[in-house]
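Okay, structure first, notes after.
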Amino acid sequence: MPPVITAEGLYKVFGRRPTRGVEALRTGRTRDELREDGLTAAVIDASFSVDPGEIFVVMGLSGSGKSTLIRMVNGLLPATSGTLRIGDEVLSEMSPAKIRDVRRRRISMVFQHFALLPHRTVGENAAYGLEVSGMNRADREKKATEALEMVGLKGWGGYRPDNLSGGMQQRVGLARALAAGTDVLLMDEAFSALDPLIRRDMQDQLVDLQQRLDKTVLFITHDLNEAMRIGDRIAMMRDGRIVQVGTSDEILNEPANDYVARFIQDVDRSRVLTASGIMEQPPQTLGSAQGPRTAHKLLRETQNPWLVVLGRDRKPVGVLWEDDVAAAVRAGGDDLPFSTRLEMPVVAHDTPLADLFALSAQHLTPLVVVDDDGRFQGVIPRVTLLTAAGTLGNGTGEIPAVAPPDGPEPDGPDPGAARTDDQIAEGPSDAATDTRQHGEETR
Amino acid sequence: MNPEDSVIPRLPVGDWVKDGVDWLTDNASGLFDLIKVVFSTVTEGLTDGLTAVPALVMIVLLALVAWAVRSWKLALGTAVMFLVVLSMGQWEHMMETTALVLVATVIAVVIAIPVGILAARSRVASAIVRPILDFMQTMPAFVYLIPTVVFFSIGVVPGIVSTIIFALPPGVRMTELGIRQVDSETVEAGEAFGATPWQILSGIQLPLAVPTIMAGINQVIMLALSMGVIAGMVGAPGLGKEVVAGISTLDLPLGVEAGLSVVFLAVFLDRLTAALGDPGDRTGSLLNVIARARARRAAAGA
């Protein structure tokens, strides 16, 4: 699908004869040099695109030009140079009346200090966008009520905004934007004025609403943790320029320059990195239809003390431990000897790192990572988790990688294994198919 | 003669203005006659209406109005004050002054609010309007009486016209201020949802500026009252005329009684219009009490 918002070489210069400033910037003069001429370059050569259904976060400190940038997207501030498209409509070429029309149909906005109308009730505030575009009272009240319900303010429509707490007022701001029924949502530091707990709630609610309603969100913030929490992609801004655009993982792992690198030092990575970010592929997995002898062979080949067993639907069934397998082979049974003592901890792929430690400490078995449908994605052995933890914070932590301290030690080759070699001819092929789907080398 | 007189030539500013006024009298007399007829008819009609009601009934009505928009305390004060006025024999004069003040205020507000909106929306308009307002406010009030008497001869009309000019500035200033101090993010919100400039003005800026504009109107009324008294010098009927009579005959009792009546009227009008500016804050007002009772009944019924 084509992008919803496309910005190409956007400039915004404040002052007398601003186009002069754009030309000067293009020929390589700096922002500070321009300031001596009385021109303020707020946004310099900004290019980006926002895809449908994406939460795109623009992150920067105050004075970085992010507020100017978001106001150029809905034409509150006209660009000095460059083009801005909403879908295939070029905003920079439109008359004021046309721009108003685009705002009514396509873009709504949530403001840092809520910007509610104190003389109207919550319901009338939520209906404001619809009222402006001329919808009749009954229809707009119905839509406003729906929007208020969506943000969890059912029954508050008759109150005045100043009867509500800050968090609730911003929900009204959000409801006003949702009721307008536009596909693009601009959020200008929308949660910055709220206290941290409420801010977390609102972030979760935004992500939730975005998934349900499939809105395209352009979110401005100065809080990197917030950006990492909600953003599908993040644009880092500094002194009017966009210095890096990428996912939170990309920005954390490959900062484009020293500025970004310094910035992300303070990020609590254990909240940002997720299970799928640090998981690894096990050397082998076993189909649940296989017997203990196949398991034994694979364990010997991989020199691993454990083996994850997957069902036909690739959902994890359990984990086998080496000595249990050896015992089963000696006993000659056909059932896989799942341990009752060592349970298998399963985590969702988007679990933050911070939530993995407790689970990992309770279980000897590596954490098994599954996707949204519960299918196997990878494992996180304790060593991997500790290594990841070592790179958190300042990135120079030196936590030595240690073997699982009290896991079953790998025994020597079991004498029984040789006897069973010829009986497992058909076995590994199934397991190999499993792992091939992961693009893993089987041998 | 001062030595400077030979260096700095005498500028006959006053004569210029006089020439202008003469020119207007000769060429625009039709307009002035029209204004005169309209203003005098309206004011006299209003005065007749106010005095047609028996004074005691009127006092009860005014006390009820005071209770409705403010509190029972103001109602009580109103009744006491106006009974004193009545017993001093100044009731009719006070009604005449009230009529003059009301007419002048309505016209001043009708002019002031659009000018204030214009000044708030346009830097150029603001730059032009401001020095004119300064002039209107600082020129001694008596000076307005001279040309208005030339235009309208003596009576209530020159009093009203000079009162309008004198009382207008705070209405314009407070309207401009009220609109300019509306939170810019709120105005931006209107723009962001695609509101037209008119929708922003009527739906956001004016409603949010109402308390400030009402404070301006309160000032207009107070100035109109003070000027309405001065207008007594050019024969405008009412308390002003009594005060002037008190001065010219050194009649202390008359001066005090008329002056005290002015003070009582001023207190009443000021408290009343101040309450109109922020109705939500007046929990003791009859209107709010009724609204709360109705809300309780609705809640109990639901």
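We count from 1, first residue shown onward.
Here the Cβ of each residue, glycine as well, is placed from N, Cα and C on the backbone.
Caution: TrEMBL annotation is automatic and unverified by curators.
Beyond the transmembrane segment (B:49-67), the same-chain residues lying 6 or more positions past its ends with a Cβ under 8 Å from any Cβ of the stretch are 74-79, 82-83, 86, 91-92, 95, 98-99, 268, 271-272, 285-286. Positions annotated as transmembrane segment by TrEMBL: B:49-67 (among others).
Sequence-remote contacts of a segment are chain residues at least 6 beyond its ends whose Cβ falls under 8 Å from one of its Cβ atoms, and for the transmembrane segment (B:74-91) they are 55-56, 58-60, 62-64, 66-67, 239, 242, 257-258, 260-261, 264-265, 267-268, 271-272, 275. Positions annotated as transmembrane segment by TrEMBL: B:74-91 (among others).
Taken from TrEMBL, the feature domain 'ABC transmembrane type-1' covers B:94-273.
Sequence-remote contacts of a segment are chain residues at least 6 beyond its ends whose Cβ falls under 8 Å from one of its Cβ atoms, and for the transmembrane segment (B:97-120) they are 39, 42-44, 46-47, 50, 126, 129-130, 156, 159-160, 163-164, 167-176, 178-180, 201, 205-206, 213, 216-217, 220-221, 224-225, 227-229, 231, 236, 238-240, 262, 265, 269. The transmembrane segment annotation in TrEMBL covers B:97-120 (among others).
Residues or ranges marked as transmembrane segment in TrEMBL: B:141-168 (among others). Sequence-distant neighbours of the transmembrane segment (B:141-168) (same chain, 6+ residues past either end, Cβ-Cβ under 8 Å): 17, 21, 24-25, 32, 35-36, 39-40, 43-44, 100-101, 103-105, 107-108, 111-112, 133, 220-221, 223-224, 226-228, 230-237, 240.
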